[in-house]
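According to TrEMBL:
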- 6-23: transmembrane segment (TRANSMEM)
- 30-54: transmembrane segment (TRANSMEM)
- 60-81: transmembrane segment (TRANSMEM)
- 93-114: transmembrane segment (TRANSMEM)
- 134-155: transmembrane segment (TRANSMEM)
- 167-194: transmembrane segment (TRANSMEM)
- 206-232: transmembrane segment (TRANSMEM)
- 256-358: domain 'HTH araC/xylS-type' (DOMAIN)
Amino acid sequence: MLNTFYLLGSLLSFMLGLVQILKGCVARNWILFGIFTSMGVFQLKGFFIIRQFWLDYSHFYAVEIFFILLIGPSLFIYFNLLIGARQFSDRKIFAHLLPSLIFLIYYLCDTIFVSFRNPSFQDLSSEFKSRYNALYYIVSFVPFAYLIVLAVSFFKIFKGNFLKIRWPLHIFVIFLMALFSTFVSIFIGTRFLLQFQDYFLELYQILLFLFSCIIVYTFFVSQIYPITFNLLSETMIRLQYEKSTLNRLDTKVLKEKIVSIMEREKFFLDPSIGLKSLAERLEISSHQLSELLNQHLNTNFNSFVNAYRIQEAKDLLLNQKEKTILTIAYESGFNSLSVFNATFKKEVGVAPRFYRKQNG
């Protein structure tokens, strides 16, 4: 009976993932597709282990490590997309997904190597011990770490408002089940260190049951209360706005003022400029300036100032060729040649000297 429940959970998870793509190929739906697909793979692999199917091909069970490394970052990215985090760039998304991609490349190479070296793909011992056990010790903590970060983020947003709004109970239930399942997953991943190897199948049954409950519960919530997730997103964005330090200021005027200070007055040429000094020039607090840059200009202070400095340096490199690279570095607002070279290459793609040569 339970095995059927696990298999149902797997199929339902794959179906939920497919539905997200059918809704539209936007980033948020692709992230949900990754989350539900990961859950489906966990369930299917667990079903095979419990029923001891395809043990001769148990090497392929280890592909779940890719999905373990994927699901935590996917939840984190989805959360940031949910609250409309503009500063959450593609580069940050890639950084969070990089460990899973590195493992996938390694796993594919290892699979090719195994196919040539050994005709058998059997990897699990009688104690369900795998060649990838050392990795399981580490990756089992990844989803838990991301869930803790998400819990802290939720708390910061909803702090002081739990009694003012109707807390989405369904999200809370799903989160609790997910948190408990990560605890069980850690015990499974570290069972040989903690001497729990004799309880592997029992722990796996608990984990599969929790995953199945999460999937089935999510399915019914999405069908019976389809606006739950939309309400959550709207509530989080509204609470963020209410807590914003800029909600009583005219951000349009502030943006025009900061652009004027940088472009007309060239405030960025001062190498000692800092967040505090620019905030004082705008007659706002440092926190307000930081929020303005992050939420409304999709950047941070250093990147914002350096963008103007790099543009100034590019103009000097092409229009005043008699000046040395060192002179241009100082005249564009940088306080050292090494910082100038590193920043220029990061933003432009080539060193200042090569930029001048290519465009001379």
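Cβ coordinates come from backbone N, Cα and C, glycine included.
If you look at the transmembrane segment (134-155) against the transmembrane segment (60-81), you find at least three C-beta pairs under 8 angstroms, all six or more positions apart, and that counts as contact. Only residues 6 or more beyond the boundaries of the transmembrane segment (30-54), in the same chain, are considered here, and those with a CB under 8 A from a CB of the stretch are 3, 6-7, 9-11, 13-14, 16-18, 20-21, 60-61, 63-64, 67-68, 70-71, 74-75, 77-78, 81, 128, 201, 204-205, 207-208, 211-212, 214-215.
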